[in-house]
Amino acid sequence: MLYLCLITAGLAAAQSPNPPVGAVQEPITPIPLAHGQELQRVLLGEKLFSDKRLSRSSTQSCSSCHDIGTNGASANISDTREGQTSALNTPTVFNAGLNFRLNWEGNMRSLEEGAEHILRNPAIMGSSPDEVAARMRDDPEIARQFRDVYGKEPDAAAVVDALVSYERSLTTPNSRFDRWLTGETDAISAEELSGYQLFKSLGCVTCHQGVNVGGNLFQRHGVFHPLGSPAPELLRVPSLRNVAATAPYFHDGSAPTLPEAVKAMGVAQLDRILTDQQTSAIVAFLKTLTGTYRNEELRPAAPGTGNVRP
């Protein structure tokens, strides 16, 4: 019952069209409390997200690489099916719906396009929406749930819609920084505020701003100096939401810790060698961006071949 109430509360929370009284006007904006998704579609999509029948081999589900119980990704540099390779770090699925494009290369324009791509990708699921729908039709209980939600037997469109409805619900509001943005002046410390001011004055906020603290433009990595692997050269700027919980960092997972990532970005993107004090302050600020999902703060995932949540 508590589990259902937590979802319902997130669905029903009112999203105010105007900033709250006392809100701070900044280039970063808070995540709305409401995501506006229909509860029954979200619940069905959540079930599909952890269903290994999404993959042709029935060995891989979305949650195999995106651990909703921790950080929405994994602690691995990359995650693929056995025998497949990937040069790119697994991004978190949390707040993915707030990005203007998906994937590091930004080659997908919507969650719908992303879900279909992942199902068809031979390195990930090696399946298709039609194939998944056929498997769901063979399961009397889940077929009944599709009929209850969509008024029809499982088909490709309903499979994609259920998955996307769940993914859109995966937002992480209520970070300490968001609370500061909405007028709770003691939500962050003096050091954390100093780190934010430094984040702005150094120019980090040029790429990392908006509701997702990034995810809304493309940028070439290694503007001044090389940063990890050279390909792909043009990347969708990653969101920094929950960044303290999503190591390793960068498109190739080459930075194992947040201080190392901050120092590397200073050199590669800003042509600056940050002092230890500057790095510490910025890291302190970045830690305030950790939000909550179902009233639990996100946390790092454990290393492994995949993080499958029961």
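Using N, Cα and C of the backbone, Cβ positions are placed for all residues, glycine too.
Database features (TrEMBL):
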- 40-167: domain 'Cytochrome c' (DOMAIN)
- C62, C65, H66: heme c 1 binding site (BINDING)
- 190-290: domain 'Cytochrome c' (DOMAIN)
- C204, C207, H208, M265: heme c 2 binding site (BINDING)
Sparsest-packed among the binding-site residues, when each Cβ's other Cβ atoms within 10 Å are tallied, from C204, C207, M265: C207
Shell of the heme c 2 site beyond C204, C207, H208, M265, same chain only (C-beta within 8 angstroms of their C-beta centre): F199, G203, V205, T206, G214, V237, L240, Q269
Neighbourhood of C62 (heme c 1 binding site) by C-beta distance under 8 A, where only residues 6 or more apart in the same chain count: L48, F49, S50, L54, V93, I118, L163
Inter-residue C-alpha distance, H66 (heme c 1 binding site) and M265 (heme c 2 binding site) (nearest angstrom): 25
Packing count at H208 (heme c 2 binding site) (other Cβ atoms within 10 Å of its Cβ): 27
C65 (heme c 1 binding site) and M265 (heme c 2 binding site), Cα-Cα, nearest whole angstrom: 26
Other C-beta atoms that fall within 10 angstroms of the C-beta of H66 (heme c 1 binding site): 28
C65 (heme c 1 binding site) versus C207 (heme c 2 binding site) - Cα distance in angstrom: 27
